[in-house]
């Protein structure tokens, strides 16, 4: 998270939140107002504590819901037109990196960097939400608060990860805590101008509240740029491994431990790939190779700023882990997502050696996230994605082992299909004809593009174009996707998706070369202000924010075919909201 660089540079950020370290961490509020902006959210009451509830308990009286800051939310709160309907967003405040993704006891926990009282990155906490299907989320109380030191100076819980200490290697749990509930959070204790150190917290109530370890920090190398620990279990070495960023030294350090408390350095993977200003939010996983019984290790590194499109991006390396070192297969830099708005991706921890590799990314960019024109919240997460590896053609002579991403469980949200067409070509009356979408509703589209090469093919004209217009009366706002067969290029244009709001770094249009070795499949998830595009069954992905004028949402989609290009097997399907209030 770029905030870390700002704070480490000594720039003071003003926060509205006073010390919360002494306050109980599981509280209800006394009442709620009609919420129009973040400052109207009712303060948390210090007078009434609530015992840890069972799963599915966060519906408050009179049809309201519980927010991420323990506030009651009025019915219809999540229906605001500037809020995505199927992507997780905080009830209020500012959210960035996903943290501590862990699956245990049939429940997916997702923690996240959270500034609950401001709409810009500030006094970071660990927010918390849970799901049984990676689609529908319930808000839980804040898991980790800042620590207050002398003279009111705060140290902040920066990004990290979570594990299930099934065998109680840490000794933090009693026999009364069942193994599946022994969740340990590993995070960076960021003390501005002093140090970044790794610390842990643990739960004794199944993951509802957390207590900081009294012996923190568990790893301190006397550095101001040492953060974002990802801890995994090495099944071959039978020990814990921490992957942590030595951010401005461009290093990813590996440490081992048998108890999550005492750590020994193993190696450093350094100065590889795209550098940017700094490394952040590393991760590593053993990923299956499609069509085989083989696995390869993948090392993820976020960089910011310094992305090819500017700002934030996540790169990865394919290789092997020998228990001490990560050894890449090649020096090729690969990017997880080629859009403008994907950063700080995190992977789910599971106690199973052969569990699916599942991850989530922060759908924003530090170049403009603090100015995004949303009213009571800022930022969203991508839908959960399953990762595999596949040999993907790069040109007629070379394949490259590449990450394949598949969105998970979106099918649970599908409504009745709105539109189907077996083919749309340039001579079809359907080419360019608008399809009206339900108001304030997410939707998906699925299409295969093909080209008749017997016809002339000219760059800029031999293409298929998908246009998503807003529902404002004049259709002045839109976002579009072009597949140009002559140029072997995919173009995303969001120049008309920032009306009423302007940021010079909000790249209006960008193109990416794609090697077209046959038909091109496109699967898109379009939510209020967010597009996730998956090309050729996840060989490439593009995550992009867009901002229509306040009150406007996607209202039409059209498929325009030019010069020998055809859209085949076209479907458009609305998606039901994930929220019940």
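Using N, Cα and C of the backbone, Cβ positions are placed for all residues, glycine too.
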Notebook entry, point to check: Can you tell which of 366, 501, 579 Swiss-Prot lists as binding substrate with 94, 95, 96, 97, 113, 158, 159, 227, 228, 280?
Noted result: 366
Note to self: Can you tell me which of the recorded positions 79, 97, 175, 519 is spatially closest to residue 228 (substrate binding site)? Compare CA atoms only.
What the structure shows: 97
Checklist line | Sparsest-packed of the listed recorded positions (113, 159, 175, 322, 519) - C-beta count within 10 angstroms | finding: 175
Notebook entry, point to check: Among the glycosylation sites listed here (399, 409, 519), which has the Cα closest to the Cα of residue 94 (substrate binding site)?
Noted result: 409
Note to self: Need this for a regression test: glycosylation sites 79, 399, 409, 425, 519, filtered to those with Cα within 10 Å of residue 113 (substrate binding site). What's left?
What the structure shows: none
Checklist line | Pairwise CA distance, residue 97 (active site) versus residue 159 (substrate binding site), rounded so that it is a whole Å | finding: 7
Note to self: Can you give me the Cα-Cα distance between residue 366 (substrate binding site) and residue 79 (N-linked glycosylation site) in Å, rounded to a whole number?
What the structure shows: 26
Notebook entry, point to check: How far apart, in Å, are the two Cα atoms that lie farthest from each other among 94, 95, 96, 97, 113, 158, 159, 227, 228, 280, 366, the residues recorded as binding substrate?
Noted result: 20
